[in-house]
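Report on the following structure.
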């Protein structure tokens, strides 16, 4: 009987799966077109899966092995099953392989089941709780049927009851694994995930055999010249199709939820829920079936689930964020994000949460004019004064009146262009800038500043969704920069660093190529020290920890240089539990302090608690935002100092003769080749 | 608020403002507040329509600034899809053009800011318009409380955050105070989509203004405290000495009562305890 | 008979000894001269009627035997307190000026908040005098036009005196039932009647939010005159038609406009020095015809009670701001109410949920420009200090005498904030004059 039943089951499951796939693809195709090299993507997919995805998954060893066993076993078992049972190739070799594969899968699913016994809060429940059983049903069923097919079963397998049970198991398994893959069960992640990897909107973020950067963090530009392009995302259909595909790949593992600082602070954001809401928006229905942690809500345990839906207003393609009342997502959810990328860094499916959030923010700001908190004021200031504080742009260099900084306008060229950032208006950050100038002078660096020609880099405007103001600032800054010759830009502001280095590339005038060579001051100081141009007194203070700024670390991969500088100062860094790529945000990014969405606690307070746990008396930082946020914590145990300040204090000044030797610097070249 | 009541026709006169720090063209603060206030009238008369009117030159800077008002549109049907620009040559007196236009198609309410952020900025325009139209004018409007038939009840700003309730008969001209609700954010999308309809209009050159000398504002000399004292020493001290009570007086080990006395004395001196 | 007794007899020798510091009898003679009268020793009438001074008399012998003269005024003031009262006499005497037949009139419409002349009004009257007295050959009169009852300040007599001392020659009071509250149409009708009957050469009004700015523009529009607004300086200029040139602010204080002085002038405070030397007649005038009853389309429904706590921080002129050191929040709010102060807060107080976000003062909150800023229990984070840069006077109440706010403060009190605030409230409750004053102001 199995010989006749199994092929029917298998091929009808496959056929249904294909129909489901076609329907799923139609859902994705609601999105706007995106330029994707389909063939190349498909070709690169296995490598992206095996190398990049597993690089992330392998951070959890046990889960990684479980997944290898289960998924590997399943893929092998599925292929062999089609050959053996579907096409009837009862070759002992293939059958043996099928036995091994299904046994491996069964072992893997035991581990999956074990994890589901008492699952951590981050895991979604609901259909996901049934998945290990389905996996076991499939693998166990296939194993036994294969045994009987190969005649290895000692008992006569023709017993109709056993056969019926086995057929039931296999049907269940096929239903979950084949149909569920394309019709929307937990296994959807395999189908959508594979295609998502192939057609990812940031192909450059994957490693390449030839060695790529493997990092792509700059936001994608919005084409403002083409009035047909929607300004941001209003409805799910305003996402590009591969973004929608990406949302569908989510496995609801909740790693993002654990990493998200806003979620931990009780602000109404949970990246996992957000992605699931996007899936709801694409596929229809409400979020009632969501079975994970809700958006936190001050006062309540969490926002109630089931009230949010696109269909609330009668249209399945209505706005994601309602003008009034609730639709799919509340605006506060989008504005809680600090754009720290901790979720993106943790996501094993390589989903781009921050891109999606900024896309939706763009609509709220550019079309609705609904930037919350002090957002509107900050954007108006940026438009009118080129800095978020509304200060007189002519006073940008007032803090340095006594420093006699060389101006680019006077010297026309310099080895290093020192980008001051908007911290130049902040009295706290001026101390850092003074320290940095002292260091550069001590090392005899040939540097100059733009002075009053400098403008805000546009970071805040862009994260607040005001792409128009960002592009205006970027274009004008590029025009200013292109007047002068310098080798690299050094800045103590990681936000400027990121924007200048990673996001200005889209706005270079025609005929220019390449990127500015931008360095964070910690990188530059580290190089100066390695080049023997700086000498430090040994550190005499107490224990020190280091806080990785998101825009330096996760956005630009610079984890080493600041630690090298601290080591050169003789400081042994007492690392926080969350440091490096897992560093917790200070709460200052993405305009979060401007939009100021209330939560049950503040992000910087949590971060200073992390500091306290290390017992450090001082926390070294490398970002004006982090300094401001962490220093704003009341009754903090630790002092907050910028790396530049620590270096400047420990500096042993060289005699002037050495300084003049430095004058024989390499000839200045044009910044952009 | 009767359902059969007609919507209100509101004309908002908008000007090109100047940012106080950088002097860049922008939507003028008070005019934008005026538009905000006009848009809020929809709460009383749901079918209210807002007409945006500007008389002035037509150039890129001005257009960007004027689009700032169009960017305040939320949804369709408020009348904010279009701004009428009565084109005027440089140095023209805009009053005749505006008066002619308003008299030709009279709205029920004209809303303006108190004064322009550039040029003479005398704040005379609404008064002259009201005079020409023969309508009542109320200045310093902060909030509209209700509209019944042809009567509008509103709050007027007084110094120190005080308010006065006033009823005015429509049609009327109102000017908006800086204490009125701040204008909503101007969004890029609607600002870009909105159209600016340029219309020819009466052009009367402002000859008087052309004859005046304009210069950046000088800092006004601070008036010295005039001390009519017979003693040269007292006069000298008043002229050259530091203000009394300054210089960071520090009171330690005082009773709360003494401290309160000292603080009250300073408050009295500064005249905030009125 | 005894004429010698009255005659002051000079003793040249003793005078010589008194001048000669090296003479052995010098000190004795000085002491003797000094005993004759408190001031006689240092100043006396010389033989030619010239006041002579003894330069040696002032001062005292210091601890090391050297003579010391203290010019700080401490000794002098003490001496003056004893002897000299005659110098102060008649210092307040003003020259009386009466102008019988003025060549023309300069009309001033003062704001008179609370029925009194404000300092702005006095400045304006000073400016009017400047215009009226320019040609000594043709004296002109300053006409003050006042509406309704303005005699709150102690009745008619004192009011007249206030106008007289402010430089008013003629006082025209337009009274009537219709002139109370905000009645711009009736006021305007009154001014138009004055214009018709007296045709003043200039109309001066304060360009103030208290009413002058509005009324002045109404008047100008009605008269068809183009006024000068925001005038802060007036100079004589023979080339101008009116003989005067003025400097006015334009474009929201960004421009200075130089132009001939027009008929209607709206001037800023401190546009001229107030009258201080003279006393004028302030002769009451009446119009031959009372102004017509104007059709009123604007109705004043009275003032609305406004909670000072609700005033926007950026507008507030008196802020009581709370920080981490405030423990008794009820007491803080009560003190703010009693003082009539707008409430502010440091970032910490806002973050901790004690105060709403829109009350946050500082670089990341609102930049304030209050005249007085009272920081209660705020240590003075740099962002906070940045936000209060624009404040005139800062008062700090804090436990920690070393904090940055104390360094910034003009008056710093070290102590427990709740008890100091309680003491403040106590004083205010005990002294009803302060609170009554507050009410009166609100009514103004």
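Even glycines carry a Cβ here, placed using N, Cα and C.
As stated in TrEMBL, the feature transmembrane segment covers range A:134-153 out of the listed A:34-53, A:114-133, A:134-153. Using DSSP to sort the residues of the domain '4Fe-4S ferredoxin-type' (A:325-356) gives these counts of helix, strand and coil: 14 helix, 0 strand, 18 coil. The helix, strand and coil residue counts that DSSP assigns across the domain '4Fe-4S ferredoxin-type' (A:241-271) are 18 helix, 0 strand, 13 coil.
Looking at A:6-22, A:93-113, A:159-179, the range that has the most CB pairs within less than 8 A of the transmembrane segment (A:68-87) turns out to be A:93-113. When pLDDT is averaged over the domain '4Fe-4S ferredoxin-type' (A:325-356), the result is 93. Within its own chain, the transmembrane segment (A:159-179) has Cβ neighbours under 8 Å at 1-2, 5-6, 9-10, 13-14, 16-17, 20, 74, 78, 130-131, 134-135, 137-142, 144-145, 148, 185-187, counting only residues six or more beyond its boundaries. Residues 24, 27-34, 36, 120-124, 128, 186, 188-189, 192-193, 195-197, 199-201, 278-279, 282, 292-298, 303, 330, 332-334, 336-338, 340, 342-353, 355-356, 359, 582, 584-585, 587, 592, 597-603, 606 of the same chain lie 6 or more positions beyond the ends of the domain '4Fe-4S ferredoxin-type' (A:241-271) yet place their CB under 8 Å from a CB of it. Below 8 angstroms of C-beta separation, residues 81-82, 85-88, 145, 167, 170-171, 174-175, 178-179, 181-184, 191 of the same chain, each at least six residues beyond the ends of the transmembrane segment (A:6-22), sit close to that stretch.
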